[in-house]
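Here is what Swiss-Prot says about this protein:
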DOMAIN    3-64  domain 'HMA 1'
DOMAIN    98-161  domain 'HMA 2'
BINDING   C109, C112  Cu(+) 2 binding site
TRANSMEM  186-206  transmembrane segment
TRANSMEM  217-237  transmembrane segment
TRANSMEM  253-273  transmembrane segment
TRANSMEM  283-303  transmembrane segment
TRANSMEM  437-457  transmembrane segment
TRANSMEM  463-483  transmembrane segment
BINDING   D719, D723  Mg(2+) binding site
TRANSMEM  778-798  transmembrane segment
TRANSMEM  800-820  transmembrane segment
Amino acid sequence: MSQTIDLTLDGLSCGHCVKRVKESLEQRPDVELADVTVTEAHVTGTASADALIETIKQAGYGATLSHPKAKPLTESSIPSEALAAVPHELPVATADEESQQLLLSGMSCASCVTRVQHALQSVPGVTQARVNLAERTALVMGSASAADLVQAVEKAGYGAEAIEDDIKRRERQQETAIATMKRFRWQAIVALAVGIPVMVWGMIGDNMMVTGDNRSLWLAIGLITLAVMVFAGGHFYRNAWKSLLNGTATMDTLVALGTGVAWLYSMSVNLWPQWFPMEARHLYYEASAMIIGLINLGHMLEARARQRSSKALEKLLDLTPPTARVVTEDGEKSVPLADVQPGMLLRLTTGDRVPVDGEITQGEAWLDEAMLTGEPIPQQKGEGDSVHAGTVVQDGSILFRASAVGSHTTLSRIIRMVRQAQSSKPEIGQLADKISAVFVPVVVAIALFSAAIWYFFGPAPQIVYTLVIATTVLIIACPCALGLATPMSIISGVGRAAEFGVLVRDADALQRASTLDTLVFDKTGTLTEGKPQVVAVKTFNGVDEAQALRLAAALEQGSSHPLAHAILEKAGDDKLPQVNGFRTLRGLGVSGEAEGHQLLLGNQALLNEQHVATDDMTAEITAQASQGSTPVLLAIDGKAAALLAVRDPLRSDSIAALERLHNAGYRLVMLTGDNPTTANAIAKEAGIDEVIAGVLPDGKADAIKRLQSQGRQVAMVGDGINDAPALAQADVGIAMGGGSDVAIETAAITLMRHSLMGVADALAISRATLRNMKQNLLGAFIYNSIGIPVAAGILWPFTGTLLNPVVAGAAMALSSITVVSNANRLLRFKPKA
């Protein structure tokens, strides 16, 4: 018997999260219908609550059983026409309390990431945990306490620290990174200072074979090497031991095994040479020291490169000034930023950085918003305009009232989105995760198998060849490069996008954006300025223009439609009559009664439905529509009275931006509620390939579905509340800056500047990021696929040579450095204009 189960959801942050959960539930044979929002799910079918919760967890989110109480429907609870298009299926901003970021230490490779992630996800209350090897951080969603999270990480054998304040956390992260680089540097110097002279001496003078004459000298070198292994390489052995206790294996395990076996063999030969044949008395002390030195050197260079990749987020954090100038009855005073509260009056002068969001109450100024929006040209701001934290006053002086402070400012929201995106993992990275989970055990197995083959079938002295093969295979294998390949590209790509005013919700959005072939644009406010103007008024049946404007404006007083503002503005300051019986006719227009007249105002379909003859207007309707204007028709007492031609001009950069997108190979589609004639005229001017006209607000998502059913990968670009369902339905939703909060929260990508050039920039950066990610993954796979067989001696039958363990150590270090350096190229990426 079917039942409906109500679940409370955790960890969903956008329309695609909703879509993913819905699809996961509806794939179950025992689920008939799943109604999913960002906070809850109502599932009808025969499945049990536990089974549904498990399905949602497998999709990467959290769920608990809920028992909501029914609420009586009142008139005020009925949604408005504008909101009816997006009833309850849209996400809201995730509150700060729902996520915590931890600083991690002790991680060295992708296997460590898997271990820490499992430890965090096992903590009660955690709905999602994202561990980032490149940043050495973990972003944890859910209600678990910081103490529980830190304890779980420490129990897994790693270090963790929870710091709430973004700036303090970043400072701590920088301190740790600098200290780590210094530590790796001196460890590398110490190890190489011992390893290089011994290796050179062996190549030039002594042949590294122990004899009765040099036995004591080699014993001293062995003890010095042991000291190097303890002080310069101790972290490898400590971490390997912790991993062993936790039943896992990491890169440190490979290094510890390789260098440890080489040293133990050498010391055994040194102490008991009589146990070994003469040709097997070769010593490998220099290999242990050199390997530790080279890998530490690689870690130092890698840490330095990783620090460069985090500069974008550091720049955003540095935008907030430490103090603000507050204006009170007693005058002006400088106060710490933490003391500023909403409603306070603040002053800004030339050169000041805006401390919080607010609205200008007095004065004018030019503000540089480049770091926030990517817009290089300073913007003039005056009374009533908004200012945002992080922007800079280039010239002028203003008073403004604080409206959002602390974590509620636009800048804080951007930092939060960038941080979450940098911690996310795309679908392509999941392959690397699966391989990383079994990488180290497989490498150890390959090393043992290869050593066995050389021991039983190799040339004499077998024990020497066995040792070299096992050590080289263990050392050359590099899970570190595999673990860094995806997160380094994401950190650099998301950071670079932020510098262009492009905010990416998660790494999946970047991956999806790189595969798009069709871009759908909402017309009003996206392709156009969103500020329509009445460009012509034509009257009929003896009605004069002033009367037509006055009555039309009176009706539009009750409408929130963008065209209504244009008509009200055209009417000016004239006193407007009172309207009775006002009604909004969805998709048609409005109606009402004023000054004893029955009024209709809307499109031609409205007048036709009300049996108002429009024959006299037909020629003018066609003429205005063909010029790109929207004809708004007025009928008085059942007769056609006037035509108001309203035109919303294209944005200044729309044509250039669309041409740029055309050249990049995208098919461009315009989605609008306008009549086909008007829509086609605008599309022709803008260079649009395809027009979908006459679409009602709640039909936009269906239009996107139809395009997707044709096999297209679709992005929707919009800015209004009624665009939100389409933004969620599209493969990638792109919200224009300055748009509604609902649209921005639904979109996968948000443009901070209201310019279509941002769309081209966003798509170019997404393609570059995915290309970089593939290069890193391919490089890591090729390195290991070639390096491990070569280390195992596959070239011996053809060349008669084996790879030296020292060369293997250098190659391992170089592989990680190469991945990080390649990802850092994204920090210099510039989209082609």
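Even glycines carry a Cβ here, placed using N, Cα and C.
Taking DSSP states H, G and I as helix and E and B as strand, the domain 'HMA 2' (98-161) has 23 helix, 23 strand, 18 coil. Annotation: D723 carries the greatest number of neighbouring Cβ atoms among the binding-site residues D719, D723 [cut-off 10 Å, Cβ to Cβ]. With pairs at least 6 apart in sequence, the transmembrane segment (437-457) and the transmembrane segment (217-237) have fewer than 3 Cβ pairs within the 8 Å limit; the two do not touch. Sequence-distant neighbours of the transmembrane segment (800-820) (same chain, 6+ residues past either end, Cβ-Cβ under 8 Å): 134, 195, 199, 258, 262, 284, 286-287, 290-292, 294-295, 297-299, 301-302, 305-306, 309, 465, 468-469, 471-472, 475-478, 480-481, 484-485, 488, 776, 779-780, 783, 787, 790-791, 793. Remark: secondary structure over the domain 'HMA 1' (3-64) totals 22 helix, 23 strand, 17 coil, with classes taken from DSSP. For the transmembrane segment (283-303), the residues of the chain that approach it from at least six positions outside its boundaries are 177, 180-181, 184-185, 187-192, 194-196, 198-199, 202, 208-210, 218, 221-222, 225, 228-229, 232-233, 236, 255, 258-260, 262-263, 265-266, 269-270, 467, 471, 475, 480, 484, 804-806, 808-810, 812-814, 816-817, 820, judged by C-beta separation under 8 angstroms. Model confidence over the domain 'HMA 1' (3-64) stands at 79, taken as the mean pLDDT rounded to a whole number.
Its Cβ taken as reference, C112 (Cu(+) 2 binding site) is surrounded by 28 other Cβ atoms within 10 Å in the chains shown. Distance from the CA of C112 (Cu(+) 2 binding site) to the CA of D723 (Mg(2+) binding site) is 42 Å.
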